[in-house]
């Protein structure tokens, strides 16, 4: 554990190596990526196991001195970090492997792996960071990695737009985070997490300041985790290769926002307002994204919106002081959402389309992918005995226990939506007859299926590390020795669990009626307008286009005119005046010698008169 | 580093090249270019030696030189007053600037491979320019500083006007006139200081004014006036809004190698001057207008960013981004605390490197595609993947991606300002977003998307071109990852400044 | 005996000077212009002589100065006329306002 | 006075004047009796040797203490020595220009006169620089003026030349009259023509009317002499005359004659009006200090007019006419500021101006006399045709524009220092000076653009006559030398003229 710092270096190595020499060893570059990511995964596991037995470890060195301020860089391994390490490195490793099949034959294969390496490095660095500054640094680098991978197919206009959007949207959040952390710094005099917590605990910071900074930092989380209103980039980010979506936009990076809030949990708990904000935003995002998910027809977009809504769940959990619930759901979600994306990838790989309207009846064709996709769907829908069930249950309990009744019911509805649209997706893809020519379709190679299988297993079992029945190991472990994080397990009325189960089953049943049994008409939404609103994601993008973008453009133009007419014009004016004076003067030199004499005489006269008048010689 | 006239030799070593060149016929292109390149090396080596010696703990005092140069007054009557000495000397700050100058000059000399005609004259002027730039940072004496300052003016005028692009002469003249006015104002300030105190040595002046708390030498109004004038003078160079329009023109019209130096060093002389003389000689007055400086900084930052947002020509984008980034320097200075000042200096260095890199890359693809208009480009990554990669890296550095120098400086500058004027700083922070927006718009517009043209027969960056790109990016990343390499040498300088302003 | 006060001489000189100046600046004929200049110089001579006799500190030097002035004036006039002749050969005019081949 | 007294005078201090006089006479006779066939250039070389001899003798006199002979009409003080040196050097260069002056027509048969008239003019200037009496001052002035009238019109067949000299005569006459009128008042009030006696008697002046009369006299003399300096308000003749006169004459007018003008102005102003009280109250401020602002105003006007109008010039000689007007304006700033450095500054700047301007005129002469056209476009592509010439011209222009590394810059620096060191400091004046300097960049660098950026009309190389070669070489060298190591000049100044302390004794 003393040298956990080595974990991020493996992927970094792979990045550097591939970026410089990748071109030479084409396909082989995959193995480098896979091996190195495997290495960091193994190492993370070791760290995790070591962590069970030994206390938090932290090591730092001075990075930059500003006068008497010393900014440090280092790493820390506490429960949360250790857990995140494992999740990230595992998913990363699986995606590395999976990609070997999925990206097979792409002529920029090595670049792809290099980017993956860069991203993994950043993500691991992020989870190891012991202080806000370092977190911010890796936070940005993670964004860079995601930006690069979204724009991997750079020649596609959409990819370009999506990458740009992702970068800028998250950047907006990041500035919030930056401001927040700097303000916090001048309050605390340090970026170190524990010193911040100490200051908060000591109450040396005014509550308003805490609220302000907490919310600003949360803005950063909103940007990264695609929370409302900065969520629009995440669905577009699906332009990237599917495995990337699995890694970055499902399991790891988007969860970074949640992680950040979790990591700064004591700061948030110190301000009820901040907590409330987090919870509200979370709940709104959950229901909002889920509702959009109901009608999308692009397999990846549906998953993307489900991701957004699940992240909303996690925020809701944290906002309801449900530290464990949030982290727990983060973990389970990482597994089953990664699984779903990989499965979707495998489907796309097979049928070469993302439009679910064109799919159908793939159950028979994709013997491995189908069941795995089903497992993922069940897990996310919160069907009992699957991992999602337990974590979602925790969240609902937390929300209820914290007294956010409204938010609680919103979450419940969201759960219903989730179950419904996920199974809508499942049925439309796998059941019934194929709605287009599917003759060529065949199952993906083992290199792709095996990672899915592993994730499938995890999607089932991961829930059992923290259950009301067999004990809340995860919770107890996460919270041990840190009261600020709340209890390992929050007690809640048992009916919540039943309600949750019922709604999810209801959703599934409804979806089955409509899309499998077809006993209900498909345009169940009746009102076309409603459908359009949902289908166009509440016209949020258009709204931004109309307001922010337009205003900025206008303002730029305005300044442009200032530049051309005021700034430039002033200069032109002056020079024109000077040369005008010159013209005047030279007109005067008209070669008439007597005028020259006259000028001299007049000059003399003026001097004498002025002298007489001002000199005081006239009496 | 223990022989006399080390600095003199450092500063004037490029003249050796001029000497050699004068014996080479104008037709021997490759020879001339080689000589021109080699002539920049001595300065580079010496400056690096000095730098590492300093890092190793050798004091810079022993480098300073002082020779009597000219005595205006009759020594019998007025003694040593009104005499100008030839005084060179460096501290951490100026040493860093010298190193930067030497590095960029060498790289620009490499980048001069794109010069198509009259290489001899070109390199003679080029080397003269380097002498001027090195001298500016080595001068310990206002008048000497001014002399070197003006010496940079003339070669630049010719380099722009003769080897530039279509509107070169217009650009050259507006460069000359704006900077002429700037230096005129500066000259007034310098002469007032010199004529009223009888000395032009920076430290002497600083101590005289420090001792003059009752405003006997100058009325407080005069001091403020002098400081403002100085700000205007250096504001033209920096440039500070609204004195910037010349610089846009220059960046668009001048040949890439010259722009590398111009954006890399010449603009920085403004910042250096403000720190060295503004803060160094008029600390109290500077403190009084610190807020104004910060506001100007934010204005620069946003103004440049907004205008960069709608430019069609990539060079224009970069030009306005330079304005915007100089805003960060002002922000840092306006903060008037360690973080701010250090951030400002970091920004000076880092923007020097980044701008040089980006303009070099512009040169690379302009050389092949004869356009820098974003509309006509696009999909560059298909034809020239490596160039595109560098371009992207440069853009990332410029928009303050951590791990690169841009972030460190930006971060420190804002860290500083947030302590003093949080609201203003928050407004300025919008600039960070805008920077991302306009840079991505431009760079992605060039590299990503559909190719508007086929890149048949277009070679990617190759052999000699690797050098500047790699070296610059390397240094940028080095500073980004290990900023102490810069901050350690600066410690003493910043401490003195902070001490002066009683912070 | 009552003598003419010096102020009278000075006034005369001044008037003469002004007349000369007026002529020099307005007449078209170059010859007249040259003569007007002579007039101005003679005004000076009157001053000098008057001063040397009735000045605050009478002294002979004034008259000597006057002599020098006259000589110089003569020289100047002759040179002027010579040049005028040369010019007349080329230009075929003595009108001063037609001498404007050079202007901007 | 009898022979003894005459012999008792220390004539040796007049050696330089005698040499010039002698050579001038010699040339006259030679020109008269030499057969027409002989090329008169040899006379030029004789004249040059004469000037050089004069310089030598002057240098030998440098150590000589202040002395005045002929009833204090001729005095040899540091001021005289210092500025005579400038005059002689300038004249030497002009002589070289004159020797290699080959216009299309209208000089050959007057070459002889050309040379000895230069010497006569020079003699006049030298007399002025060391005359201690109003009369000699005036005679010297006129000797200079009249010779230069003729010089300006030396190209008898050339209309422009005639016209130039005609204008010169007329304006010159007027200016002489005005000056003289002023002088007559001064004489009238003091009753003497000896400068120092005047000063003494003026110190006791209390009658307010007399003081006002002195004021009138001051302005008359100032305006009258501003004709020689070509400064406002009596500057307007300069462009026409400079354009029409033969180039060496133009050079002479713009350098030697201007220097002479400053010499006489300083003499009269500093000796006479500096000792005139400005009011009846005993030991009130000197009249000269009182009118400081007027002089400053004239200086400002001159700088503005010269630099601004120059922007529009296409004819190179006209351009340099305006440029020299502007330079005279800079020099007036020295007078206006009246600092302790006044003489040093004046001397150094005049020296620097001498080198840079004569060098420039040498090149102008070379370029223009080939084609006869004086349009700036003649300089197009000079860098291609004759790189050395172009670089030399660049040096002179940079120096005129006051760019560091050249003598011009040090001179300007010195002027600023003087103007700001006095109390109250002339901030406005200095600002105007610097601003107009920046304006001057436009036309100075316009010439640069022609030489370096524009393509040449015809490509054939330019061959450099020996005379011009020497001038250009020496001037370029000196311009750089005094720019890089000005201490040479200043140390010389401080060692030999101990800050002109003997000016008033």
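Each Cβ is built from the backbone N, Cα and C atoms, and glycine gets one as well.
Beyond the transmembrane segment (D:12-30), the same-chain residues lying 6 or more positions past its ends with a Cβ under 8 Å from any Cβ of the stretch are 43, 46-47, 49-51, 53-55, 57-58, 61, 64, 67, 69, 74, 76, 84, 88, 112, 115-116, 119-120, 122-123, 126-127. The transmembrane segment annotation in TrEMBL covers D:12-30 (among others).
Same-chain residues lying 6+ beyond the ends of the transmembrane segment (D:42-62) with a Cβ under 8 Å from its Cβ atoms: 12-13, 15-17, 19-20, 22-24, 26-27, 30-31, 76, 81, 84-85, 88-89, 91-92, 95-96, 98-99, 111-112, 114-116, 118-119, 122, 496. Residues or ranges marked as transmembrane segment in TrEMBL: D:42-62 (among others).
Feature annotation from TrEMBL assigns transmembrane segment to D:82-101 (among others). Beyond the ends of the transmembrane segment (D:82-101), by six or more residues, the same chain brings 16, 41, 44-45, 47-48, 51-52, 54-55, 58-59, 107, 114-115, 118-119, 122, 125-126, 129-130, 246-248, 251-252, 255-256, 259-260, 262-263, 343, 347, 350-351, 354, 358, 361-362, 365, 369, 465-468, 470-471, 474-475, 493, 496-497, 500 to within a C-beta distance below 8 angstroms of the stretch.
Annotation comment: TrEMBL describes D:113-129 (among others) as transmembrane segment. Here the transmembrane segment (D:113-129) has long-range neighbours at 16-17, 20-21, 23-24, 27-28, 31, 40, 43-44, 46-47, 50-51, 74, 79-80, 83-84, 87-88, 91, 94-95, 98, 101, 107, 136-137, 139-145, 147-148, 150-151, 154, 248, 252, 256-257, 259-260, 263-264, 267, meaning same-chain residues at least 6 beyond its ends whose C-beta is under 8 angstroms from one of its own.
If you look up TrEMBL, you'll see D:131-432 marked as domain 'NADH:quinone oxidoreductase/Mrp antiporter transmembrane'.
Residues or ranges marked as transmembrane segment by TrEMBL: D:135-154 (among others).
The annotation transmembrane segment is assigned in TrEMBL to D:166-190 (among others).
Annotation comment: TrEMBL describes D:210-230 (among others) as transmembrane segment.
Annotation source TrEMBL lists transmembrane segment at D:294-312 (among others).
Annotated transmembrane segment per TrEMBL: D:319-341 (among others), in sequence order. Here the transmembrane segment (D:319-341) has Cβ contacts under 8 Å with residues 229-232, 235, 238-239, 241-243, 250, 254, 258, 262, 265-266, 269, 288-289, 292-293, 295-296, 298-307, 309-310, 313, 349-350, 353, 357, 360-361, 364, 376, 400, 412, 414-415, 417-419, 421-422, 426, 429-430, 433, 436, 440, 443-444, 447, 499 of the same chain, all six or more residues outside its ends.
Summarising the annotation, TrEMBL assigns transmembrane segment to D:347-367 (among others).
Feature annotation from TrEMBL assigns transmembrane segment to D:388-410 (among others). Sequence-distant contacts of the transmembrane segment (D:388-410) (same chain, six or more residues past either end, CB-CB distance under 8 Å): 323, 327, 348, 351-353, 355-357, 359-360, 363, 366, 379, 382, 437, 440-441, 444-445, 447-448, 451-452, 462, 464, 472-473, 475-476, 478-484, 486.
According to TrEMBL, the feature transmembrane segment maps to D:425-445 (among others). Within the same chain, residues 296, 299-300, 303-304, 306-308, 310-311, 313, 319, 323, 326, 329-330, 333, 336-337, 397-398, 400-402, 412, 415-416, 419 sit at least 6 positions outside the transmembrane segment (D:425-445) and bring their C-beta atoms closer than 8 Å to a C-beta of that stretch.
Where the transmembrane segment (D:135-154) meets the stretches D:166-190, D:210-230, D:294-312, D:347-367, the count of C-beta pairs under 8 angstroms peaks at D:166-190. Where the transmembrane segment (D:294-312) meets the stretches D:166-190, D:210-230, D:347-367, the count of C-beta pairs under 8 angstroms peaks at D:210-230.
Within the chain carrying the transmembrane segment (D:210-230), a Cβ under 8 angstroms from the stretch's Cβ atoms is held by residues 141, 145, 171-172, 174-183, 185-186, 188-189, 202, 237-238, 253-254, 257-258, 260-262, 264-265, 268-269, 273, 276-280, 287-288, 291, 294-295, 298, 321, 324-325, 328, 331-332, all 6 or more beyond its ends.
Here the transmembrane segment (D:166-190) has Cβ contacts under 8 Å with residues 134, 138, 141-142, 145, 148-149, 152-153, 197-198, 201-202, 205, 210, 213-214, 216-221, 223-228, 234, 237, 240-241, 244-245, 272 of the same chain, all six or more residues outside its ends.
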